[in-house]
Amino acid sequence: MPSLLHDGLQPSLERGPFPHRQPQNSCFKTRARASFALRRKSEDEDFAGLWVCNATKAANVKVIPHVKTQDNEEEEEEEENAESISSKDSRLSVWKDAHELHALMASLKTCIKHRDLQNGSRIHANIASTGILQNDIFVANSVINLYAKCGALDKACEVCDKLKFRNVVSWNILIAGYADYGPGEKALRCFECMQREGLSPNSATFICMLKACASIRAAEQIHELHVQIERGGFLEKDLIVGTTLVDTYAKLGLLKKAHEVFNKLPICDAILWNVLITGHAQHGQGEDALNCLRQMRHQGFSPNDVTFIGSLKACATLGKTHMGQELHAEVVKLGLDAIENVVANAIIDMYTKFGLLAEAQSVLETLSSPDVVSFGGLIAGYAQHGHGEEAMLCFNRMHSERISPNGLIFVSILKACGYMEAFHEGFQIHSQIVKEGVHEKDVIVNRSLLDMYGKCGFLEEAQSVLDKLPHWDVHSFNVLISEYVENGCDEQALHCFDKMQVEGLWPNSITLAYILKACGNMGAADKGQQIHEQIIMYHGLEKDLAVGTTLVDMYANCGLLAKAQEVFDALPIHDVISWNALIGGYTQDGRSEQAMHCFEQMKVEGLSPDVITFICALKACAIAEAVNEGLLVHAEIEKMGFLEGHAGVSTTLVDMYAKFGLFVEAEHVLNRFPNKDIIAWNALITEYAKKLHDAEALICFERLQRAGLSGNAFTFSSALKSCASIGATYIGQDMHAKAVRLGLIKEEIIVTNALIDMYSNFGMLMEAQQLFDRQVVRDVVSWNALLGGYSQLGKVETVFEIYEKMVAEDIYPDIVTFAIMLNTCSHYGLLEKGQILFEAINTRHNMQPSLEHHTCMVDLFGRAGHWEKAVSLIKDMPFFANSTLWLVVLGACQKWGETKLGGLAFQYAAKLGRKDAAAYISLGNLY
């Protein structure tokens, strides 16, 4: 006989001595055996019935016993009597001690009940030694049941394989075992084998098969079972089968099919309605779930705990706060919250989804014995809404009540630690996870550890967690790559990506999105193009909207707008995000006209701009100084209601009007919002300072502080610039003191640089030098600020000493540095040093001298009387001379009495529209 275990569950077609029976209505009656005093229940009640109970409990379905008629009971009696007569002698010949058999069977039943595989195996060995397994199907099925219930399905198959004959109960036990323990595919193969043996499935078979198919989401096989169930008339005669079929369809999200079966059932009850409500709720169809609840009530069925759980979930999905509170009140009235933690837990979950965390906490406080799910729901809610401290308090309370956290709770509390950047607490929880061994079996917890360390900025620890994982997968790498990118460690992200590929892991769209973002951040166009080629060649994701959008964004960040446009045009469809990437790219590159063209084209295609679109459009208008277009975009924002509740839009609008110099409109937008954020204030103060409205900038700074905001580094740097411009010494010193109190001096280099610049402008070089000397980190701006102060006071030797020290410390001078140095040379006639510096700009530092640099050199040549060099320099300039340069020439001509060149210089200055009294005075002095 072929082996069930080793030959793919292909059993022999041999039939045993027992004729096949239809067991849905059969029942062995209790009777006295001549050979031994053994009373037992029917095979179907002992085995199939138990599996039906288990299957229906798992599906929230309650068992409804069949109604038997007198006629079919008499038929069963006759069949079983016939069987008893035919098998009586064989049993007596095999086993003479009925009492010993009775004792062994009772012990076996106890082992099955307690899942005691070890002792059950010993009993199996005693029974097998007698050979009774081949002659008594009841005993054989009991042994198979032992192994199936204990999850030892290979052993169950081995026992079944050795039987000379099997009945439907034998197969039901195996099918139910695979439905419970998996793999579900083997349950399907058992079902096929059973039918090839000529055995017809009964109610228990269909119930267990539906459970197995649901576990592997085998929709096609479920449909085939559905056909057989209808053909066999099981929907009409067995409500349990019908209910299980509805439940199976609902679990798979096939709610339309579930309703079709529901409508065909001869009767319905509260259990069936619960199945539909739960199915709709689990698949996010909250409105349909609540409609089912209304129909259920209309038909006179009272909701129970299962009904409320599904309905509360539906309210949470839909955000129906009022209805959820009404259901909560009904639960309290019925007393279900006091006796059923599962209902209270659903209420807690609902309130956390609403963001009503105080109400969720209150429900937990009413529970006499909150369980791990109760705490888990509340901790998850606190973490989701950014209340990390409350989540931690709840977690600690749970620990004090000796409730062990599960994987989901660890995931939530690690998320809270990441949100708070609470490394110390996260590290302690990591230790607890390792101690309890959760990290060895829960991959989601490991990913949460990666995420937590990344959010806290401890990327080495995150890398260490990844390195210690027993098995790597693409999702774990994605978490680490994303954290590297979010923390600005783009090179490490690329290294992690390369390692992932070396390990043979295939990147998905999430991996590619983050790694392309890293390339864009770094401006690594070559690497980005290489990945783009891989996407086309290996992954087939070039038409994927998410990947395509990230490619557009990457090329735009690298300044390759033509390539970004090409990728964008190749996408099969465009959404708001892809348009935003392109518009943002053009805006960032200063190509405002193309950005606004895309903005209009997007609307032509029927897409409505979102917050990011409007922010990009406003920035484009500001860059182009397109006042009229900016006003139109503002009007559109007002019409769509994006100004209220969107700080980014309002801040960008303030910034745009300020850049236009329309400060009244900018103030009007700012004043419309009661809770003004610091970014909006900074935009206004910065533009006041840039446009030399310094008094207004300082007034804004004062208003900001009266509004209860301290200001950040950008606020202080702009306000200090205004102090420097108008010589507001006392106000500047007061700001300095405030910056010290806020800790900005130690943490923010831009504030210290602004203070050095301010004191240099005040001529207070001692204070400027002291600040400079105390700086832990200095950049070129720090050196420039100090150089400018000493240059302004004519400390020429000190200026060159500072410059040489700066170069010695490997700080590369920038355009501003050379402007200060050349101005110093110009004012003090240092022609030779000026020439050396001017040549170094291009030859040594690979920079293009600016118009200001050329003006300084023209002034140097003019003051020294080197007219030919001055004129030659002007002719060779890569840009047009402005009026300032010609005034410099005119001043030099006045000094040396060079009337011809001076007259020419005056004409150019006048032609450029410079109405400066100094030009006329110089011209008068010249003649």
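Cβ from N, Cα, C; glycine included.
According to TrEMBL, the feature compositional bias 'Acidic residues' maps to 72-82.
Annotated region 'Disordered' per TrEMBL: 1-25 (among others), in sequence order.
According to TrEMBL, the feature region 'Disordered' maps to 66-86 (among others).
The feature repeat 'PPR' is assigned by TrEMBL to 167-201 (among others).
Counting residues of the repeat 'PPR' (269-303) by DSSP class, helix then strand then coil, yields 26 helix, 0 strand, 9 coil. What TrEMBL lists as repeat 'PPR' is 269-303 (among others).
Under DSSP, the residues of the repeat 'PPR' (371-405) split into helix, strand and coil as follows: 26 helix, 0 strand, 9 coil. According to TrEMBL, the repeat 'PPR' annotation covers 371-405 (among others).
Taken from TrEMBL, the feature repeat 'PPR' covers 473-507 (among others). Within the same chain, residues 443, 446-447, 450-451, 453-455, 457, 459, 462-463, 466, 514-515, 517-519, 521-522, 524, 527, 539 sit at least 6 positions outside the repeat 'PPR' (473-507) and bring their C-beta atoms closer than 8 Å to a C-beta of that stretch.
For the repeat 'PPR' (575-609), same-chain residues at least 6 beyond its ends with a Cβ under 8 Å from one of its own Cβ atoms are 545, 548-550, 552-553, 555-557, 559, 561, 564-565, 568, 616-617, 619-621, 623-624, 626, 629, 636, 640. The feature repeat 'PPR' is assigned by TrEMBL to 575-609 (among others).
Through the fold, the repeat 'PPR' (779-813) approaches residues 749-750, 752-753, 756-757, 759-761, 763, 765, 768-769, 772, 820-821, 823-824, 827-828, 830, 833, 845 of its own chain, all at least 6 residues removed from its boundaries and within a Cβ separation under 8 Å. Annotated repeat 'PPR' per TrEMBL: 779-813 (among others), in sequence order.
For the repeat 'PPR' (371-405), same-chain residues at least 6 beyond its ends with a Cβ under 8 Å from one of its own Cβ atoms are 341-342, 344-345, 348-349, 351-353, 355, 357, 360-361, 364, 412-413, 415-417, 419-420, 422, 425, 432, 436. Helix, strand and coil counts from DSSP across the repeat 'PPR' (167-201) read 27 helix, 0 strand, 8 coil. In terms of DSSP helix, strand and coil, the repeat 'PPR' (473-507) has 26 helix, 0 strand, 9 coil.
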